[in-house]
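One structure below.
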Amino acid sequence: MNPMKVCSVRLNDGHFMPMLGLGTSAPSQVPKSKVEEAVQTAIDVGYRHIDSAYLYQNEEEIGRAIGKKIADGTVKREDIFYTTKVWGTFFRPELVRTSLDTSLRKLGLSYVNLYLIHFPVALKPGEEFIPKDKDGEVIFDTVDLCATWEAMEKCKDLGLTKSIGVSNFSRRHLERILNKPGLKYKPVCNQVECHPYLNQSKLWEFCKSKDIILTAYAALGTDFRKEWVNKNCPVLLKDPVLNAIAAKHGRTPAQVALRFQLQRGLVALVKSFNEKRIQENFQVFNFQLTPEDMESLDGLNKNIRYFPDEFVSHPDYPFYDEN
């Protein structure tokens, strides 16, 4: 059997995506060499889904790690599901492929498996990730998301990516794409912040109705070392309900939080640069939460977002649906 199909979900374009992926966004304190080590460790453990982005600026390291694991015979290229994302400074249609070509060059790959629109906000093109004027205000760009999407479709047609999707999209952003005249490909997934404190139940129901997979990032809460994270939020992995269920099953709170998403039918991304935790986080396919466990975890929803809106001055704000 194709290893890609084991513990995978079928996307609406016929490709398969492993349900558990390694996230690679790292705080600035983490050396990029640690990302390279983490990817190699994860592939050795059994992860076949690696998630990154142009914004993370670590694709050279990830490419080296994947290359080493292919060279030593651990995996073939077709065993790996790799995701990258186009950042807002590349949303003009003529720049969408430029971003992907840059990622492919850094990775040393001829294609990615999934190419996502990172966030539904166009920013002024240029070298700065968050371009600002002399008053410190973010400089947006006026680009129709549908035009960006058409450029994404061309990347798929060219074979530079197997699938295309979106990230951080609300229902109305998704509808803007889905209702586009002449739509060639639907998004295969929407990658959003999702965990027991923000279960995204309404968005998940909508995505299911449109045959779009929901992918959960920050599935364990978040790393509070990151500069942009809301430091006032409670720590998910210390939640007493989560810990009680973990103790009952002889599992870690992290394993239970991940298992919760998988049993809901979501794809989950989990991030660690610690070898022991990378191994532990992968051990989520050999136990089952009870319906009562699932109900208790679902009841933890508090609509808490660890990642606050960066673009509150944008005319389209707020970007998120009420859960």
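Including glycine, each Cβ sits where the backbone N, Cα and C put it.
TrEMBL does not curate its annotations; it predicts them automatically.
Taken from TrEMBL, the feature domain 'NADP-dependent oxidoreductase' applies to 20-301.
Within the same chain, the residues at least 6 positions away from Y56 (active site, proton donor) whose Cβ sits under 8 Å from its Cβ are T24, S25, A26, listed in sequence order. The active site, proton donor feature in TrEMBL is assigned to Y56.
Look at TrEMBL and you will find K85 tagged as site 'Lowers pKa of active site Tyr'. Of all Cβ atoms in the protein chains displayed, 26 besides its own lie within 10 Å of the Cβ of K85 (site 'Lowers pKa of active site Tyr').
Per TrEMBL, substrate binding site is recorded for H118. Residues within less than 8 Å, Cβ to Cβ, of H118 (substrate binding site) and separated from it by at least 6 positions along the same chain comprise A53, Y54, L55, K85, V86, W87, G88, S167, N168.
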